[in-house]
Amino acid sequence: MSEFSMYRGIASPGLSQPGTPRTKPNTPQFRPPVAPSPSGYQQSGSTVNNTNPNQYPTSQQQTEASQEQGYFPPVSPMQGQQQYDGAMGGLATQMGAVQLNSSAPPRRKKDRHAYHTVEAAGSSQAFNGIPQGATGQPTQFLNQGGIQGPYANSQASPAMSQFPVPANPLFSPAHSATTYEHAARPGAPLTGSPASSAQGKVDPEQIPSIPRSRDGPAEYYLDHVYPTMDLRLPPPAAVPFVAFDQGNASPRFMRLTLNNIPASADALASTALPLGLVVQPLACQQEGEQAIPLLDFGDIGPPRCRRCRTYINPFMVFRSGGNKFVCNMCTFPNDVTPEYFAPTDPSGTRVDRHQRPELTQGTVEFTVPKEYWNKEPTGLRWLFLIDVTAEASNKGFLDGFCEGIINALFGSSETEDSSVANDSSRRTLPTGSKVGIVTYDKEIHYYNLSPNLDKAQMMVMPDLEDPFVPLSEGLFVDPQESKAVITALLSQIPSMFANIKNPEPALLPTITSALSALTTTGGKIICSLAALPTWGPGRLFLRDDGKVHGTDGEKKLFTTEHPGWRKIAQKMVETGVGVDFFLAAPSGGYLDIATIGHASATTGGEVYYYPNFHAPRDTLRLSKEIKHTVTRETGFQALMKVRCSNGLQVSAYHGNFFHHTFGADLEFGVIDADKAVGVMFSYDGKLDPKLDAHFQSALLYTTASGERRVRCSNIVASVSEGALEAMKFVDQDAVVNIIAKEAAARMPEKNLKDIRAALTEKTIDILAGYRKNFSGSHPPGQLVLPENLKEFSMYTLGLIKSRCLKGGREPIDRRVHDMRLIKSMGSLELSLYLYPRIIAIHNLNEKDGFANENGHLRMPQAIRASFSKVEEGGVYIVDNGQVCLLWLHSQVSPNLLEDLFGQGISSLKDLDAFQSSIPVLQTHLNAQVRNILQYLETNRGSKALTLQMARQGLDGAEYEFARLLYEDRNNEAQSYVDWLVHVHRHIQLELAGQRKKEDTGDTMNTVSSTFAGLKTPYWG
């Protein structure tokens, strides 16, 4: 086990000074795989050794004799552009300074709480970095006179920071305070960002920019860690970072909407913000982070509070010489068992604290004894259900799915060609996992995969009314032991059913039979489907006739009342079984995802949807996504509970799970690294500002290797009497995530128009509440945005324009798919979904896409999602975490096409419309783009990254490109500027007392909302 004394003790009463660590943590570095620059290669016109600025002329420009030869079009750098270099030094310096040295002043008693006092002098900057008085040059980042917030130039007091205080004087006119320092200054007024002139005019170039808000922190966190206690505002969700767990869980696992919570419900109401928590318990860690410790307390199990059952955590206080520990949730004093006893030092700290990860780290795992079991733990059973109907075979979906399974279980052919001496080193599934294969059309075909056989044996089960499992042995096998049998079978299945053209699949009987096979052990089903299941019990029919779109009847199509499907979903959860569906709609036709996907939504699974599957384009994506769903961290037979401090109570959960009654645990058949749950809290009393508010999530699950564990994550927030302090520590990504999950949860109940109106009203309420109560002195006609919610309006507009909520016609299947997706999305995936990354690759700097001097990939700046930012002759990568487009302007340079795609590709029509990846070429640009795509692939959710060509004027994907330009007028909604003008007008009416809220047509007085953040008139 790791040396746990390296972690400092936190939250211990009277702890005057942490001990010096015995060893420094390894310097965390995020290093995505980087292709080397081709040796000896230099492109014609390259700026590698040429300062000529224009790399790729357009085809029209090439005809001009006076055109300068070069690669990169001139780019005018923004005046005063500043980098996130920081004043806290490099990463190694930070990590070495994690313990205060002996010269640091003693820590005050109050520092055992989550106070956020940063003493600094200076004044905040007006919008876009322009000082009040209109002097000086604008900076690159909005509302920053340098680097924002925790990212650099920090003049932190020892009471708040573990890092040494810089030796230079605290106040220096040449280094004005950052906005975070100013906001946290004792007694300082909270200032916001004017997004309009004093006359109320909105300048499109000065409105908050999401790409800027991402690029700056991303650059900063390449060379800095995020200490989870010292910096109370987490990095933006779309930014890769390395977290250093100091007792507070990493933002990957838990994000609070408010890291400082008002003491009363009235104070919270003045902000109009929700009090919620986004929990992603099995989230993947970044390379360089300390592994989550696994702790075994034997048969007695982990220590817990006898009253509220909270697990031991860093914020529990030991008293009576170590004989009692006081619960940080309910303040109940518990006796310490003899096995767990250790004496305390004079300051009240356990002498073995630094050897106890559960007392120093915010996220830990406990192995649990038999009393936590509901059945004997076994390795995860994977059962692949393969649709072999005519539609699957004709579309190439069957071939792609079988290839994907082989790739997921055994790796690609390149891997097989390498040394096969050590099979265990190439295992994609944990030891103890087993797999089984079933095919189905009108009948169900089981396969005996026993390693003793020369080839698999098929057994047909024709009884659909009462399906059973015809095999007792050989159904589930170790994939390595039966590799030859499995590979041969999957290679033969497409040809076996090529001539058997059954058009109608019997899906529900197949799932019922599969559930019978997994009842005793639990497990996970991976099911493909290529046509509406219209055969046998549970057959479905075409519910979407197109006549109810845009009416009140549309919401009935967002859910299912089919008794057979609802019953099977509940049975699957009870037996610890989950299902992932891979759905390929026949020519974009209707599949009734509302009914079929109900099983995956209830059990904690996922739906991968290919609305118009085309094998040459989509097979690579299908293969990657099958591999991802098999290899990501997955647990099954899971229960989850979230606990909070006295004075608060859980009021609602949002996500994909099964919930018997409100007070019961959340139940998951399966849960994986990409799934998140939104938790809402309300007040059942008043919080004590002298104490902190604590939250703990506990996930009891069985690992894929067959161990029963509890994943425990803890997070703390300070409490303030009023809401002024709370506004300084708002987590924008968590707020957006909670509101989006609530909106998606309301779709089966409310008209879409009402939900969009509610989101608009909610945005106005939040911004008007800030303007009314906290914005200080600004001209009355000015739009002032909260410092930590500057981009909130754009994210809300992106939600209104999303497929599940947008106005106009949209296929029901796509709405339902995106609705369930939003309910289970983590903060990273949702952030990209609501605002895509757009990267120009026609004007890359020669150093972009390669490693810098520290080994980190240098990424180009993203651009705003607006066609006004698109340049003639440009080529852009557009990635929203679900689909990745490569958009090429009609006048793109032939030189660029040859450098990117190879010789002979000189025009858009020469390109293969269905290619899904970039070829590997020995050109500088090609290596740059491949590295950038590889980086994007490491920083996303559950969907694979494959390219889809969008050539201007040629490909249908260009419509998707236009849809993703969220700052423009599209998707039946306003442009970003018009949206801000609309919001601003209603804020002014609210301040004048003349605002009339939009009527959503509900009887609001009789129905109360469970959403603490959204008032009754919006959701009903």
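Don't overthink the numbers, they just go from 1 along the chain as shown.
Cβ atoms here come from the backbone N, Cα and C positions, even for glycine.
Database features, via TrEMBL:
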COMPBIAS  14-29  compositional bias 'Polar residues'
COMPBIAS  39-57  compositional bias 'Polar residues'
COMPBIAS  58-69  compositional bias 'Low complexity'
DOMAIN    302-340  domain 'Zinc finger Sec23/Sec24-type'
DOMAIN    380-629  domain 'Sec23/Sec24 trunk'
DOMAIN    635-719  domain 'Sec23/Sec24 beta-sandwich'
DOMAIN    731-830  domain 'Sec23/Sec24 helical'
DOMAIN    859-921  domain 'Gelsolin-like'
REGION    1-85  region 'Disordered'
REGION    179-216  region 'Disordered'
Among 380-629, 635-719, 731-830, the most Cβ pairs under 8 Å with the domain 'Gelsolin-like' (859-921) come from 380-629
Restricting to the same chain and to residues at least six past its boundaries, which positions have a Cβ under 8 Å from a Cβ of the domain 'Zinc finger Sec23/Sec24-type' (302-340)? 9-13, 247, 295, 348-350, 358-362, 366, 368, 643-646, 692, 694, 696, 698, 710, 712, 714, 716
Within the domain 'Gelsolin-like' (859-921), residues counted as helix, strand or coil by DSSP: 14 helix, 10 strand, 39 coil
Per DSSP, what is the helix/strand/coil residue tally across the domain 'Zinc finger Sec23/Sec24-type' (302-340)? 6 helix, 11 strand, 22 coil
Number of helical, extended and coil residues in the domain 'Sec23/Sec24 beta-sandwich' (635-719), per DSSP: 0 helix, 55 strand, 30 coil
